[in-house]
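Enquirer: Have a look at this one.
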């Protein structure tokens, strides 16, 4: 049972409260039984599950609860709070300092995905604007340097290693010295792993640690071993000063929940989780947003961060066009490019309230990305006049031979080009409405700048554009309005970043 299954089962248990006519002790116990069964199936320690049940029962006294209170809401809140506590070690994680050398040393057993995770972390910080690099001090595993070199080259990250030097301490020290002199901000050192916790592994880790004096030692943990993670993490913490943990392979193993709760029990903060084999299948781990996404409640904060990463406010030309209600096919193409930059599509969908981690299966995700690429391929066959026309759809309707030319050039049927133009027309209509709303692009809190009735009209326009199935998963019109309110308050001025995204 992967994490998506765990989320679905807990959500189903909580939903049973909504179906119950009267909320009494029997209904509460039945719901808790389902939640606990799901957690045990995910390999969460039985003592932790028992504690969660007792804490919820202690927090909810149905007999003493005032009649005016929403019992369902109170119970759901109590369960949510206890699930957060289950994966929260209660320890603040180390964070790097911008503008100075931050040395991060990776440790872990062989096969945990340590080398790949080094590259993922370097790439993550590189995308955030940090100067990052990689050092391969793994001289034990054949091909370790080749793997790191390949990953680093693909992501355009500077790296250091040696095919001739066999002493990992020398390689690590030389690499750190080199990159410090070049003012790199994130210096990641990959060390040797073993098949088991050998004394020689710990001795080597200590030597490398003493040589490079890391600011943070990260232990990489394989989620597939479940609650056995606790013993492993403690063994490493006893030998070296492990400050953070990254849990890998959470995308396809039944024991992910057990692994996360076990690590939290060691009081080691989990800083990231690996959710796939690709370099951007990597997410910062924050307890509340994680549980929120798991239960299909979304992560607006994470979505805002993704949109802010695109630095859309810097694109003054686009903002000026949006203010005047103008939107060309080239603008739509650029918005599709922005969606591609935001990371794995399933990861983004999971941040929207109403979409659990199981809504977007790998097959659906690939299908959506393929569709997006197909639309971009069609636009690649258009000329400048077509892409930059203020009403591109009208130009094509007046001269249908253009549709045939674009279809031939992109290798698609004419109906595919027509579908793209229909999509574009919907976007252009919404932008026209946005351009007529005063205060939308003013900056600051949009909820204060924008007339509520105008905002409601815009929400209705967006609802018309959306697939009915998508709108249903968001909780209908009320769910869409709630999400937009959160987005307005948290990402003032960045609403145009949602362009194109809402209809995918």
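Backbone N, Cα and C atoms are what each Cβ position is placed from, and that goes for glycine too.
Worth saying up front: this structure is predicted, and the values here are computed from it rather than measured.
Summarising the annotation, Swiss-Prot assigns GTP binding site to 108-115, 190-194, 248-251. The feature region 'G-domain' is assigned by Swiss-Prot to 1-295. Per Swiss-Prot, the feature region 'M-domain' maps to 296-504.
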Enquirer: In terms of DSSP three-state secondary structure, what is the assignment for residue 114 (GTP binding site)?
Expert: helix
Enquirer: What does DSSP assign residue 191 (GTP binding site), in three states?
Expert: strand
Enquirer: So which of the binding-site residues is most packed in, judged by how many other Cβ atoms lie within 10 Å of its Cβ, out of 108, 111?
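Expert: Selected residue: 108.
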Enquirer: Counting all other Cβ atoms within 10 Å across every protein chain shown, which of the binding-site residues 114, 191, 250 scores highest?
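Expert: The largest 10 Å Cβ neighbour count belongs to 191.
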Enquirer: Under DSSP, is residue 250 (GTP binding site) part of a helix or a strand, or is it coil?
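Expert: Assignment for residue 250 (GTP binding site) reads coil.
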